[in-house]
Amino acid sequence: MGLVGIQENGNGEMGLSGVSLGNKNKYRRMDSELTEDGYDDTSHHHHQQKKSNSKRKYVIACAIFASLNSVLLGYDVGVMSGAILFIQEDLKITEVQEEVLVGCLSIVSLLGSLAGGRTSDAIGRKWTMGLAAIVFQTGAAIMTLAPSFQILMVGRLLAGVGIGFGVMIAPVYIAEISPTIARGALTSFPEIFINIGILLGYVSNYAFSGLPAHTSWRIMLGVGILPSVFIAFALCIIPESPRWLVVQNRVEEARSVLLKTNENEAEVEERLAEILVAAGIGNAEKYEEKAVWRELLSPPPPLRRMLITGFGIQCFQQITGIDATVYYSPTIFKGAGVEGKSNLLAATVVVGVTKTLFILVAIFLIDKIGRKPLLYMSTIGMTVCLFSLGLTLSLLSGGPVGIGLAILSVCGSVAFFSVGIGPVCWVVNSEIFPLRLRAQAVALGAVGNRVCSGLVTMSFLSVSDAITVGGTFFIFSAISAFSVAFVYKLVPETKGKSLEQIELLFQNEHEWEGGEMELGDVEHLVQKE
């Protein structure tokens, strides 16, 4: 039986080498073994259960606070779609300036993502999240008060850099602080908060649209400053990543954090030993001093396999057209035959709500059925829906059947995206890389993600003019079909494995391509290490 099948029952009954992953089995006794002091055992069990619940809530709180920067990204995407109408009216900007203002965010966020990896290795994961919030809020404040397009662009550029920091660091931090059994669900939180932010942006557009043009867009953008209060509070509550603390030789602090987030001391010591080995401290030999970026650019075979998996899944997440589908859904629905701004807006809101609801489905499933089954469901479902949308727009647009099928296909596509490749992409990227390279490798993946997003969103209208909107979605469908093959061949299952065990999956090409690893193989490799 594979390792992935042994600890996902939620009871924490079995871990690597038989070590308990929870406290329930430790205190379970057969009825026949209960003695007269059984009452004490029962009360002790209740105390342990209460303690376990408290730790679980603490980890969830940390994941929520770490995801707050993602609300800023989502809010910016959602609010700008409405604010731009009032900015045009107030500042009299041209169509080209409008495209630059909206489109520059993805490109500029590359700078934040690239800098974020090195910054988080230098000052820590926690304070990099704080820096991301400060940079974004500064940009938001400048945009709110901007008297001209030039000043507005300065604020926009700063906001983009802040978003780049936040997007890459949140999943890394959450993956490093989470217990193995809940890591997938918790690392999906940033994706949920992005979608919550988008919905809040839509609500803000609606709420302030009745104000004068000069005032409305400034309030819409200014509301984005409010989360800074919660982020400042969060930084006082959440601990630093235990993995980063170990790299800084602050092992006792790391043990203290692990004791707050894991359910028993045996697991804490096991996790700490694995982290020490991964970081090259303790009994392990020191890793040779080699620049991280030099290693990433000329990687040894195991790291090359990790980069292919991580960078590939990031690119497939975007080149299957999700951002084009969301950003240009009014254009798509208009092409299908939907008429009137209110109807277009209503259809677009339905897409936003669908996207958010199905992310919640992913949260409940990712640690139960695993990453790969969700990726299969997602990529196959998207392939079918994108092909259906292309067919509808090419052959059936105009009538009520065409409109219904177009809305169903778009909602189906974003639903399958949200249940799989949307959140799982970030989860897998934050899991597969070695500790010493993790932050900067994830930053590299985020760069690929943002570049692909920018290319798709900035070329969608031009390509649609050349080969029709329906033809463009046939291309997205074909790319999505390739992503199914990529998942099958090159993405291993990481459910139920510690971050250090996952690293071992890439040591051997057969295990990497096979995607599964037997428990005995992992134990054998750990002993060899």
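Each Cβ is built from the backbone N, Cα and C atoms, and glycine gets one as well.
Remember, TrEMBL labels are computer predictions, not curated facts.
Among the features that TrEMBL reports, domain 'Major facilitator superfamily (MFS) profile' is placed at 62-495. The annotation transmembrane segment is assigned in TrEMBL to 58-88, 100-117, 129-151, 157-174, 186-207, 219-238, 344-366, 373-396, 402-429, 467-488.
The listed stretches are 58-88, 100-117, 186-207, 219-238, 402-429; of these, 100-117 has the most Cβ pairs under 8 Å to the transmembrane segment (157-174). Within its own chain, the transmembrane segment (373-396) has Cβ neighbours under 8 Å at 316, 320-321, 332, 335-336, 362, 365-366, 402, 405-406, 408-410, 412-413, 415-417, 419-422, 424, 468-474, 476-477, 480-481, 483-484, 487-488, 491, counting only residues six or more beyond its boundaries. By the Cβ criterion (distance under 8 Å, sequence gap of 6 or more), the transmembrane segment (402-429) is counted as touching the transmembrane segment (186-207), at least 3 such pairs being found. The average pLDDT computed over the domain 'Major facilitator superfamily (MFS) profile' (62-495) stands at 83.
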